[in-house]
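Here the structure is laid out as structure tokens; the discussion comes afterwards.
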Amino acid sequence: MPEKLLKITYQGAGPQKKINAYLRMPSQNYTILRREIELYLFQERQLPKCDVRTFWIDADQDEIEIVNQNDYEIFLAKCESNMHVQVAPLAPIEEPKATKQEGSSANAEAPSVDDPSNFTIHDSVQCDGCGLAPLIGFRYKCVQCSNFDLCQKCESAHKHPEHLMLRMPTNNGPGMVDAWFTGPGLGRRCGRRSRGHCPFQEASQPAPAAEPARDSRRERRHARRHAGVLSQFVEMMTNLPLNTTTATAPAEPQKPKAAEQTESPPQAEPTVTAEKATESEAKPTEPMKVNTDQSVPTTEDPVTTPRSTEPTTPVINLDNLSQIVPPEYMRAGIEILNNFSEMFSKMIDTTDVGDSGIFAPSTTSSAENKKPEEQSQSSGQSAASSASQSAVPSAAPSANQSNVPSANQSATPSISGSISDAQLETEPLNPKPLETTTETEQDRRRSDSLDPEWQLIDNAYSANNSNLINLDTTNPTAAPQQPVRDFGQLGELLRQHMNEEARVEQASANTQTAQVDTVSTSTSTTSVTTNSVGTSPAAPDDKRTVPVYHTDERINQSIHAMMAMGFSNEGAWLTQLLESVQGNIPAALDVMHVSQTRN
């Protein structure tokens, strides 16, 4: 029968390696086993003597302690084929002494934070706050003063709080920090460094003209010695208000531009007097006097005098606008803006309404002015000569003097009997009878800021309309008898027209012609009432005649509908606008809204 052996593994404390050994199988007594293990390890191997514990590792890799005889018998039963006992010391050898030494060393290595023995000693440096010399701990050096240092206690007490302080944790500051802040001149070492072209000194040469006057030799010597880069930077930062005045000095030649901008505020003000407008356009209109004398009538000189104290429509500064907007878009833009400004001024001013409603359409001229109106439309918009431009303003007062008073007496009773229902719907749209003759031509003048070129373009189309909006002529006595505007009727007219447009698109060709006749007869009431202001009531055939603005029937109907709503077709701008959108009134209103918001 082979002899049984017991394997033991001992892992002692300290750097010694693990020891594996075999023992002959001792008796079945656990006490004898412990004695033989201690004899082998501590006497034969001469290992440091200590209390040991015995255990074994089962199949689950768990440590099973062997403490008494019962545990030893279980070990023999479980590990009969492979008996292996693990031996380990209960505690490290001389553990109490080691812990005491480690604790004492830890206390020695981690002293208190406020212990001065842990701080760096800055030799030959004295605290200017408390007089501590040498300075111990963190050294706080003032950046703006020549030689001012504080210890960490004085700095924590917020001494010298008005200047920037630099914290120096180590004692190598005099060689590095002084080169940055104080510059050369601190001794032979600094002199040698400055002779080697110190990079901090090259960019720190101050301009002789910018140097302030030194009062004494001490200040001049201090400036020579302490002329570092950061000291110059600190002086520049502290003297920022002085630097801003010198920086703005060369900007004085630009003051005339600022003065010109302050003299011409019409673009920002909603309402401007004619005096401000003439001042703003005085300079740009001087080189254009030759052209104005040749093309514009001489009646414009007395026009400006009576309007000098009365408010006008908003003025557009074309000097700045012409630099942004191309010239080809200026014409239509000016027409749209002027019409909008006149219409809104008419709607806002309650004392200027009278019996005319919101806006006077362009067909309120007399019978004498109607023939040149048709001739100018047939011959083209841009073919009007300078003679016709000067003749229309001069002929308008005489026509108004002879026709307007008779129209006020005879037009109303004849129309009220025939088309009373239509007159009720279009009451806010009826034109206002003119009361003055001399001020009519004065109000026809455009805003004062327009150049003569734009005035010529407007005068070319002035033959189409002899009456513009009167913003200055008011009748305060007739104010209590003014009818209230009914904007609901305007919306109803627009809705009816949109419904007619929808029906025209869905119906056949025969139905379209029938609806065209219906729309033309409904819109003819407005033209009849406007044409009958300057003339006596005509025959029934004359009332049904409607001026044709476009060959396309749909665009022509749209023009009449928008004129009934208060828009003017002066210069045929409304015809061009509706032609671009194929007679779609909502699309035309959107285009005008977008152009107005952009401007």
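Cβ coordinates come from backbone N, Cα and C, glycine included.
Pulled from Swiss-Prot:
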BINDING   Cys142, Cys145, His160, His163  Zn(2+) 2 binding site
COMPBIAS  276-286  compositional bias 'Basic and acidic residues'
COMPBIAS  291-319  compositional bias 'Polar residues'
COMPBIAS  412-423  compositional bias 'Polar residues'
REGION    192-225  region 'Disordered'
REGION    245-319  region 'Disordered'
REGION    357-453  region 'Disordered'
REGION    386-413  region '3 X 8 AA repeats of S-A-N-Q-S-X-X-P'
REGION    507-544  region 'Disordered'
REPEAT    407-413  repeat '3'
ZN_FING   122-173  zinc finger
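In this structure, of the binding-site residues His160, His163, the smallest number of CB atoms within 10 A of the CB marks His163. DSSP classifies Cys145 (Zn(2+) 2 binding site) as coil under the three-state reduction. The Cβ of Cys145 (Zn(2+) 2 binding site) lies under 8 Å from the Cβ of His163, each of which sits 6+ residues away along the same chain. Same-chain neighbours of the Zn(2+) 2 site beyond Cys142, Cys145, His160, His163, judged by a C-beta within 8 angstroms of the site's C-beta center, are, in sequence order, Val143, Gln144, Phe148, Glu162, Leu164, Met165. In this view, Cys142 (Zn(2+) 2 binding site) is surrounded by 19 other Cβ atoms within 10 Å of its Cβ, with every protein chain counted.
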